[in-house]
Amino acid sequence: MTDRCLLAVESSCDDTSAAVLRGESELLGHIIATQDMHAEYGGVVPEVASRAQLRVIDGVVSTALAEADMTLAAIDEFAVTAGPGLIGSLLVGLNWVKGAAYARRRPLVGVHHMEAHLFATTLEDERAQPPFVALLVSGGHTLLLHVEEWGRYHLLGQTRDDAAGEAFDKVARLMGLGYPGGPAIERMARDGDATRHPFPVPMIRGDSGPDDDDYYDMSFSGLKTAVLLRVRELEESGRLEEEIPHLAAAFQQAALGQLVEKTLRAVQASGCQRVVLGGGVARNRALADGLGGRLGPKVTLFVPSPRLATDNAAMVARAARFHLDRGERADLELNARADLPMPGIVRNGASP
Ligand code: KG4
Ligand code: ZN
């Protein structure tokens, strides 16, 4: 096993993060700087996010190096998120790392952001290895995968409209709960009674089977509209404020119910005995509890700690370790792509 030291940077959205990883799982330094000014605008403003990335990137990398008690000269390999994400934000991290790798004449690799989310749990628990079913739920993506082996990802289902985290953010905004919406809704929902606003769980037909298009796919926009209509009704009758916790609980129950149901279908069809969660929505305790309660004793659920569930460079470093060990190297042509396709995605058993 290698004991090389890798420096990774993640800057795909509104967090700037750097990590120093030795070998496969020894995290020597890890810094995450979160931008809080987006709360003011109720969401991430891309231009504001990329300028903020530029302001903090030097400091974030040097603090991670200091935490690892290292200098840039001691870094053996470099990695950076190359996409998907906000192009202006991605470019800040990418150019920083490209410059450093070139100056130090060291290997460089670009990492796909969602593949990095897939690797996060292995940093905390070595048993989180393929084969497993993965549910990746973030602000930009919702993916249900059957991971046979690292680097080979069967895409079972994905959202047809909004991502899961995006739905939490939009619904929170409708209810005036601020940004980011996920944690706010989860907090509110604890005091709520979901049965007061029974929203149907989306995309669940009792008579559908694995060969049907909608068996694994997900959707959140109909649920969001249902919440919007209920918010307007309650506003008109002057009862919105008192109903907010109940609305939050009802939305959360329907949204998470869909994620749980689709994941259970994937577990059943694949016969996998491990399930791995990833992405910001994986911070939601009700999701982990709801899924854990339904999986049965033979299936182990791996949930990343909150710090490794949301965007961070440690997961980028861990995914990069895998690609570097396979001999992959990027050259100076490496560029950021807002819509970078996930490497190794396989649909219906065939490579794309
Ligand atoms: O993975 P992530 O940090 O960034 C992206 O790659 O998008 O995910 C951020 C998303 C946001 O939409 C946020 O509202 C959601 O994760 N989130 C949550 C919770 N904490 C963060 N959603 C539901 N419940 C939470 N506790
Ligand atoms: Zn993410």
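Even glycines carry a Cβ here, placed using N, Cα and C.
Note that this is a predicted model, so its numbers are computed, not measured.
Straight from TrEMBL, the features:
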type	residues	note
BINDING	H113, H117, D311	Fe cation binding site
BINDING	L136, V137, S138, G139, G140, D169, G182, E186, N284	substrate binding site
DOMAIN	26-317	domain 'Gcp-like'
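For L136 (substrate binding site), the same-chain residues lying six or more positions away in sequence with a CB closer than 8 A to its CB are M114, H117, L118, T142, L143, L144, L145, L277, G278, G279.
Under the three-state DSSP scheme, H113 (Fe cation binding site) falls in the helix class. Look at G182 (substrate binding site): DSSP puts it in a helix.
Candidates S138, G182, N284 (binding-site residues) were compared with D311 (Fe cation binding site); those inside 10 Å Cα-Cα are S138.
Secondary structure from DSSP puts L136 (substrate binding site) in a beta strand. Across the domain 'Gcp-like' (26-317), the model assigns an average pLDDT of 95. Of all Cβ atoms in the shown protein chains, 26 besides its own fall within 10 Å of the Cβ of H113 (Fe cation binding site). For the pair G140 (substrate binding site) and H113 (Fe cation binding site), the C-alpha distance works out to 10 angstrom. Packing around N284 (substrate binding site) is summarised by its Cβ count: 27 other Cβ atoms lie within 10 angstroms of its Cβ, all protein chains included. Residues near G182 (substrate binding site) in space but far in sequence (CB under 8 A, at least 6 apart, same chain), listed by position: G165, F168, D169, A172, G280, V281, R283, N284.
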